[in-house]
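For reference, the structure discussed in these notes is given below.
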Amino acid sequence: MEGRIIVVTSGKGGVGKTTATASIGAALALEGKRVAVIDMDIGLRNLDVVLGLENRIVFNIVDVVNGKCKLRQAAIRDRRIENLFLIPASQSDNKDILTPAGVERVGRLLKKEFDYVLMDSPAGIERGFENSIASADEAVVICTPDVSSVRDADRVIGLLYARSITPKLVVNRIVPEMVAKGDMLSHEDVIDVLSVPLVGLVPMDQQVVISSNVGLPLVMQNDSTAGQAFRRIARRLNGESDLPIQVPSHKKGMWGMLTRKFGKK
Amino acid sequence: MGTNDMPPVKLKGVGDGFWITVDPQAPEETIEEQLTLLFQRLRHLAINARITLDMGGATGCDELVTRLTAFLKETFQVGVVTLPPEKRSIPVERTRQRDLSRGWKHHRSDVLMLRGRVRSGQKIESRKHIVIMGNVNPGAEILAGGHVIVLGQLRGRVHAGISEDETATVVALEFRPTHVQIGGVAAAGLDSAGNGKAEIAVVEKGRIVVQSYLESNLFDALPWPEVM
């Protein structure tokens, strides 16, 4: 069976596309799928650092598209998670070095090789974005609960629909305490504007910063709330569409404080 | 009527009251001066008198009528002030009869009617009126030669009556645009959240006024359904 190419995009920068790509990719691989995560942010590569594979880069996606190497030569195998592969971006080129047609051609090869291919799109809606969506079958739009991120996600959703790609939504970095106080948009507010199918809600988690810096996939850390959310997102993408979506909540009062105190060791 | 050689105000005794013909083109001070002259001569006869205020068939001078009515009542203690009974017009009757017999089928109305959500970065343009069944997101743009009706939330930019048509209106079930322009008159959006009521924006005295659509009853006064 042919694999699926999923582009992870957002319009706005810094909302967690790369973290989401790494986490969902790793989680799908842990589910037993053969997964490639591809950094499409040519010139500003990050995905290799987040996955802790920066020291093993020889070839990159530009080399693959331009025929300088084979797909298998560029795909770096993750030694901790079986079946997870990274194709990094080039750090020395810019976005114009790739064309949508070239990416589409490589996309066909990727689909034969892998069950899931996750494309980490760069921010913006220019060439880099167009390259990323060129071969995509599906899209996951990452949005944080703030007005500018919602606005940009909305624009991107419009562009995806224009290519007849139906996006799925992940609301990232939810701070339940702020939502409860009315200082942050709730995920309902976000969905109210974007009205696309929701695939997961991810709470704000300090563990994300730590794991990105040490290059350890978030989903391998059992005490990370964001990691758990991404694992559930991966399961939903992998066909378990009836898996209920958990709304991040904060425990309040005496009982909550007690459980939090004793829960941490 | 309205010619220069006619006096701006004429007074005539009719049955149980007075018939005053006013030239609405004349300056309001002149009208009030002339009225004062005439009514001072009437003295006590003016008190509680029934007055018919004839604007010579001119339309759109409702506010002038209101002010003159108040002026007459305060200054001369007149009784009831009414407008002359409407005269029948044969051409009007003919067009309305045609509307009735043909069920308005002979009219054409140019509307671009859409359904769905208009997203950020999408721009909908039409020389006609635009009706959208759905929401208009922040960052979206609606540009219409005529009126704009949004059966949903309006949260983007909207420009109605593009060719300087300030009679155009914008109606939305939830009126929260970031920017609204009607003809050449523009206004920045309001920060307030919607009050859950349908609202209409119109140009009044060179400014955009937004009011509750149902409470404004703007079109109830029209005597006959008009084609837009």
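Each position is counted from 1, following the chain as shown.
Even glycines carry a Cβ here, placed using N, Cα and C.
Here is what TrEMBL records for this protein:
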DOMAIN    A:6-217  domain 'CobQ/CobB/MinD/ParA nucleotide binding'
BINDING   A:Lys12, A:Gly13, A:Gly14, A:Val15, A:Gly16, A:Lys17, A:Thr18, A:Thr19  ATP binding site
Number of Cβ atoms other than its own within 10 Å, given for A:Val15 (ATP binding site): 25
The domain 'CobQ/CobB/MinD/ParA nucleotide binding' (A:6-217) [mean pLDDT, rounded to integer]: 95
Protein Cβ atoms within 10 Å of A:Gly14 (ATP binding site), excluding its own: 11
A:Lys12, A:Gly13, A:Gly14, A:Val15, A:Gly16, A:Lys17, A:Thr18, A:Thr19 excluded, remaining Cβ within 8 Å of their centroid (ATP): A:Ser10, A:Ala20, A:Ala123, A:Ile142, A:Asn172
